[in-house]
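Have a look at the structure below before the remarks.
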Amino acid sequence: MAKYNNNNYANKATNLKQQVVLPTYTLDSNLVLLPGIMYNVTFSRFKAAALLYRYKNFISQVSIINNLLSEYDFNSGNSNEEERSETEQKIEQSSLGQPETYHEINPSVISTEAVEGIKEFFQYETNMKTGRGGKGEKEAKSTNDGIKEFDWLTLAIIPNLDKIKDPETNYSIGDAAKLTNVVTVARIIGIVDDSTNIKLTLQAITRGVQITDDSKMNQHKNGLKTNEQVIGIDWNHNVSDLKGKFNALQKNYQQLFQSIDKFLIDYREALDYNKNNSNNKNGNLSLIKGNATINNNKNSDDKSNQDIKSQNLLTLNPLANALYMQLVGSKDFNKAFHRLEKLFSQVSKNDEYKIDNETYLRLVDLTCGILPFPNFQKLALLNKYKLDDRSVLINEMILQLIQIFENLQTNNSFVNNWFHSEATNIQKANVVANQLKSIRNLLEGMTKNRPIKSNKRNPGPASSSGPSFSNGKSSPGRANARPKSNHQDGFNGNDGDYNDVDDDDDGDEDLKAIFNFIKHKLPTISTLSADSKRLILKDFKRVKASANSPGGGGNSDFHVLRNYLEIVMDIPWDNYVTKFKSNKDIDLKLAKKQLDDDHYGLEHVKKRLIQYLVVLKLLGINAEKDQSDKSQPIKDNSKDSPNSSSKALTKSPTSSLSRKTISSIVIANKDETYLAKQQAKTTNQKSITEAKTNPSTTMITSNESIHVSKNNKSPIIMLAGPPGTGKTSLAKSIASALGRNFQRISLGGIKDESEIRGHRRTYVGAMPGLLIQALRKSRCMNPVILLDEIDKVIGGNNSGGVNKFNGDPSAALLEVLDPEQNNTFIDHYLGFPIDLSQVIFICTANDPWNMTRPLLDRLETIEIGAYDYNEKLIIGKKYLLPRQIKRNGFPVVDTKKMTTVVAGSSNQDEFIRINDATMKKVILDYTRGEAGVRNFERRLGTLCRFKAVEYCEWLNKDIKNYNPIIDENDLPIYLGVPYSSGDVTTEGTVGVGVVHGLSYNSDGSGSVLVFESIGFDRRISNKEHNGGNGATLNMTGRLGEVLMESGKIGLVFIKSMIYKNILKFDNNNNNKHLLLDKYNNLDIHMHVPMGSVSKDGPSAGVTMALSFLSVLLDKPVPSDIAMTGEITLRGIILPIGGVKEKLMGAHLNSNIKRMIVPRENRKDLIKEYSRSIEEAGEVLDHHLINDLIKDNEDKEFKLTQVEEYYQNKYGISLFYAKEFYDIIKIVWNEDEVLLKQDNSRLLEYHI
């Protein structure tokens, strides 16, 4: 026998009662929560967010809750009411326990009294578990360290009496006087997000009583909110005569279990016989016990009696069917029932098992919660606040259920005996006919009357998540990977006959979700044409016709069409997400601040995005004015329509449930979205009638909300620049500033058109393209989609001989990135147009010239150049170093989460401090030649890791002091030997034929290249040689074809200058013949150092021409001059690209003091000058820019602010040349190289 531990709580009675303030919540379903059991309850996303928002100050670390709360804006007062439908407003009112006249729709955080009440409740609960008994309030308030995030989610669940009916009167219990004010104190311990609904796991802890007339109620009267109550809780579990009550409960339960076991055996035997009999050769139901001839043999009589026993009519009894479905309809329920029986048997057989008061009371509640008792009896047991009354009631309920099984067995025996022994064949046939007729009438009533009586039905379980045993712990399950449909009001009668689609309750959940989408959601989609909806409806009817047959009834397209409809259903139709409530409420300052906080500089990119937001704001203001001019009925209806750019349009979801079983006592899932679904169906039926009478006004409200955004085409931007300049992170920042969802699509290496447009459904395993998949992942139709590395798509200019069997993906992007076409983008898998006009496409590219011309023409290109070391210094101090300090584990205070931020409040200087000189040395010596900041951030990360090691050693007291300062002398210790200087090839004295050129590297940086030329006179080696065949040119250094052509052009131009007798040579009058003879006998070898690096491009034409001229005239070129520019056969200097990068490359070389650039590139320098002023935060004088542009049109400009700016910033003097004669004068300005002064058409331009 079991032992009994009757604890004596008499000395602690005063400490076992408490009165605390707790948040309250009223369920929409008829679910009754009994203590000791965990329940899975499905909520709509809005209702779950409204409930969890009340605890937002205590659950900030739970990511799934933060993601849910971010979908709704509860902080904007009552203005949020416009975002929600009337259905959801009524749902919120009912859940708060308020009448429909209650206007404070937005939820509010729990009050201070409720916070203290949760603390006190948690402390009492903890003490009861540890056996310490209750504590006083003061002591309870002082011990809050053990409260975790989910422990705060404590509330009092009020049963919905209006949903629980009394079987005697058939009226809801709420219509009569309420029995008591008993509530269930529960805690949310699990959250599952299936992308459509939210499933909360509620752990019922104990009973409580609402205190209405009490001193504590009056004490908190002013501080309490409407959804909070003072709850009285009695932790006293002392049961009188524990042994006698447990023996009575155990005896009654064993008797009940035997009755249930016998019933299940009889039912299964009858069920198995009928199943086997249906497979006989005749295939007909036998209404007589044998053939017409009766065999008097005893064996025949025994067989006949056995057939009578087997042909049990139990399966035709409605009560038997109802009990059987409750007992074995769910695997989880069946599992919990048998484990409960095992627990009773274990207690009775184990002598060492102690039965205390808490275990007994828990068994009482478990017995009531698991056994098939109706909800009104469960409510009655919940209301039994006194322990003795509870014990009496549970025994009465068990005895009543035993009597039901006994009566069922007696009645079934009577019917079987009459049917098989006394009834004639005609009577048997009439019985079966009446049964079939009753079933038919019931089915017809369920089909016809459901829309009318839908709001009066009691909600059943959405699906069985079943009861199982509890170990006192539970963890949130995983979300269902298959999202369900969304119900929205409204109907377009011209899109198809949706009323012909019948609901099939016998189908699986996935087909029900598809049906709900076709029935309720599809007619309301404004971005789909009538033809597209007709095609979808046609495919659905094909699936519906094969759904009731196993495996699709032999239809090979069944699973293909079903997957297709599930994907169509999963697309977020008409769902537009943004940070701002409406377009007219866009906060431009907030968006600009977001961009500035994430990235330094890049003002030209930020300016373009702010312009886009300004256009949206103006369109929103204009739309509001246009809306006010419309008729009053339309104006009133438009107030209830959600705006397309509002925060995550509210949904009216269907029920769904994860099939994952939680290892605990869990009651079958109750669907809290039932009220929303029923009201949505009623509203939908009403809208159908209105659509038939006046179809033109049906969709005005929803179309009006989307019309604001559709007037403005979303920009299609391409960020072009070298790697590491922040293109991808800038796209994320754009999405954050706009409050839109972000999706990234990597296009690098894509060579199949189907990756963009999707595969056709005829292929096995076909799926939509990357764009449709991005819409599904973002859950909205207006995300920010980043098309990363668009210049590396295999196709167009990148085809390189690749066969076009798989199509050209770069050509497929032409439709996507064209604002005039992407509103009707057709994916091969879907087969109908999709509106992508609200998607902001941001492309990134390193080499835009690799793209095809039509594709490049569709993009608004924004150049992002390389950073100079001053910009890198600011970026490193403001962004990179704080990020690396935090990533490497230093306990840095996050100022963004502080309510009040004081200047200098960040404590990162306590861990690592790097001055500007050290930071600059890292940039110049350890990340030389980098256009972006990736290597720079890696170096900073290395420094932080070394310091992290020292910090840990200091914490472990291995070293005495920790020095956070890093100076220049520490860099070789942490980073090693710096890179070799790039000035090696440029060092040395002035030499003949040695000229410094400038290059733009593939990584986006600039550098100085040295062109070395040496000339050999063939006449010296061969004195008998009388004439020359012309100069020969040999070029080495891994040079490209374009660069070698530029060298040949420069050499020919030098020859033309000799023929024109322009150059001087040895102050001799016979200059032309002497120079020509030397030229014809000259062998020139030109080499460009760093031979492993390929070099190409026309910008070194002037450099090579000057090198050849230096060799011919034997005149050295100053080593402090670098030049760039393309040369023609006429000696004209053409503009080149990458002037800013080449200027920074010259600046990094300490030998370069002067720089020659083409005259036409001065406009690029003016542009960079104005951009640099803006990014530095200074006010740009627009009048000065206009004056500079006008002055630049003159041959001899007078305004030198641009040149002075670069002189001060980089220490380099700028010179401009339009013809090669200008370069000769700039280089050899003190010598008279030119024979005729009037041949110089232009003067040099310098400071």
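A Cβ is built for glycine as well, from the same backbone N, Cα and C atoms used for every other residue.
As given in Swiss-Prot:
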{"type": "DOMAIN", "residues": "22-402", "note": "domain 'Lon N-terminal'"}
{"type": "COMPBIAS", "residues": "459-477", "note": "compositional bias 'Low complexity'"}
{"type": "COMPBIAS", "residues": "626-639", "note": "compositional bias 'Basic and acidic residues'"}
{"type": "BINDING", "residues": "G721, P722, P723, G724, T725, G726, K727, T728", "note": "ATP binding site"}
{"type": "DOMAIN", "residues": "989-1230", "note": "domain 'Lon proteolytic'"}
{"type": "ACT_SITE", "residues": "S1099", "note": "active site"}
{"type": "ACT_SITE", "residues": "K1142", "note": "active site"}
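Separation of the C-alpha atoms of P723 (ATP binding site) and S1099 (active site): 23 Å, rounded to the nearest whole number. For P722 (ATP binding site), the same-chain residues that are 6 or more apart in sequence and have a Cβ closer than 8 Å to its Cβ are N846, I864, G865, A866, A931, G932, D1003, G1004, S1005. In this structure, the recorded positions under consideration are T725, T728, S1099, and the one with the smallest number of other Cβ atoms within 10 Å of its Cβ is T728. Its Cβ taken as reference, P723 (ATP binding site) is surrounded by 15 other Cβ atoms within 10 Å in the chains shown. It is G724, among the binding-site residues G721, G724, G726, whose Cβ has the fewest other Cβ atoms within 10 Å in the structure shown. Checked against K1142 (active site) by C-alpha proximity, the recorded positions G724, T725, K727, T728, S1099 yield S1099 as the nearest. The Cβ neighbour count for K727 (ATP binding site), using a 10 Å radius over every protein chain in view, is 26. For the domain 'Lon N-terminal' (22-402), the model's average pLDDT works out to 72. Neighbouring residues of the recorded ATP site, listed in sequence order and excluding G721, P722, P723, G724, T725, G726, K727, T728, comprise L719, T844, N846, I864, A931, G932, G1004 (Cβ within 8 Å of the Cβ centroid). Recorded residues K727 (ATP binding site) and S1099 (active site) have their alpha carbons 27 Å apart, per Cα-Cα distance.
Within 10 Å of the C-beta of K1142 (active site) there are 27 other C-beta atoms, taking all protein chains into account. Look at K1142 (active site): DSSP puts it in a helix. The CA atom of G726 (ATP binding site) is located 28 Å away from the CA atom of S1099 (active site).
Looking at T725 (ATP binding site) and S1099 (active site), their Cα atoms lie 24 Å from each other.
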